[in-house]
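These features come from Swiss-Prot:
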- Arg48, Arg53: NADP(+) binding site (BINDING)
- Arg126, Ala127, Ser128, Gly284, Lys299, Pro300, Thr301, Ser302, Ser303, Arg326: FMN binding site (BINDING)
Amino acid sequence: MGGNTIGKMFSVTTWGESHGKAIGAVIDGCPAGLPLSEEDLLVELSLRRPGRRFTTPRREPDVPEILSGVFNGKTTGMPISIIIRNRDVISSYYEKIKETPRPGHADLAYIKKYGYEHWDYRGGGRASGRETAARVAAGAVAKKLLGCLGVVVSGYVVELGGVEFPSAEDAEESLRSRLSPFRVLCCEEKAEEVLKEALERRDSVGGVVEAVAWNAPAGLGEPVFDKLKADLAKAMMSIPASVGFEVGWGFKLARLRGSEARDKIVSSAGEATVEGDKAGGMLGGISVGAPIRIRVAFKPTSSIMIPEKTVNIHTLEETEVEVPGRHDPAIVLRAVSVVESMFAIVLVDHAIRAGLLNPVRVEWGPHCQRVWELYADRVP
């Protein structure tokens, strides 16, 4: 089975299932010399961790263990292996519905591809959002590496259940979402109202995450098939429950005239740059030195307490299923950290390919540490 690895020069492979013994990631291509500890990984994992208000009540501590690739507190240039053990597993919930694939989930697709007898029905198995904890652990490594370039990657919710929330104008503002349980920049009472209503209806809501790479350098991305926006699209659409991807103004540009849809090219600080973010900081799929802005849409959580039509996979008799278990009323809240992580992983891969990051060894200085502290100082 392929499809478990992303990246060329800086690659991340995730492994494990929702109700297995553990999940984890193997990072290959991380240069030597990067200070790295399990506490660094926890900085990011704490924002994705389940068990908080308006998230799944499954209480996973998400404590990572670095098994390889780090010596005397710094990366060695060898593969970094990370394991996160599953602690709060209740597989009995799924015994009642293992013969009735859940509507909206990957159950039916996995059954058709791998066969019913090989399908791990417990909590969604490999297709579960639980897998994304491994991505966030790897994303912490990528974010630290980007600090060497002065790049900050931050995301926030701009839409929840059809209610819109503001975007950020700078890195400092965007990082405020890290302290919000709803991952919004303001108006938390509006977000809480949306989620309370969904819970009262025994339903769920979707949303949109916006993420920005601030101080991104020019030259990330290759022509044609390895464009930066193409790799970002692949990374974002690989996240469970993602259903749409935009760069800059995205689909809005399709409704404008050419005279309205272009970013101006101006002279600023002794160089040519773009004014505006309609193109999302990329032209021809290559970064131009402006902030790179993307959006990812997430569907509502499919596991809800409202019955839906399905079939018994053995008899093919139509029936209804009401999904038990512990689930998020809005997966988009915890998806923010996953979007940031995948964003950072893709940027590091392209930075190494572009020669902007040394693939063998990095020199960690005070400027790198200052960038990392922007994340570490904003943990709830």
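From the backbone N, Cα and C atoms, a Cβ is placed for every residue, glycine too.
Counting every protein chain shown, the Cβ of Ser303 (FMN binding site) has 22 other Cβ atoms within 10 Å. When the binding-site residues Arg48, Arg126, Lys299 are compared by the number of other CB atoms within 10 angstroms of each CB, Lys299 has the fewest.
Burial estimate for the binding-site residues (Ser128, Thr301): highest at Thr301, by number of other CB atoms within 10 Å. Here the C-alpha separation of Arg126 (FMN binding site) and Arg48 (NADP(+) binding site) works out to 18 Å. It is 14 Å from the Cα atom of Ser128 (FMN binding site) to that of Arg48 (NADP(+) binding site).
For the pair Lys299 (FMN binding site) and Arg48 (NADP(+) binding site), the Cα-Cα distance reads 18 Å. Distance noted between the C-alpha atoms of Thr301 (FMN binding site) and Arg48 (NADP(+) binding site) is 16 Å.
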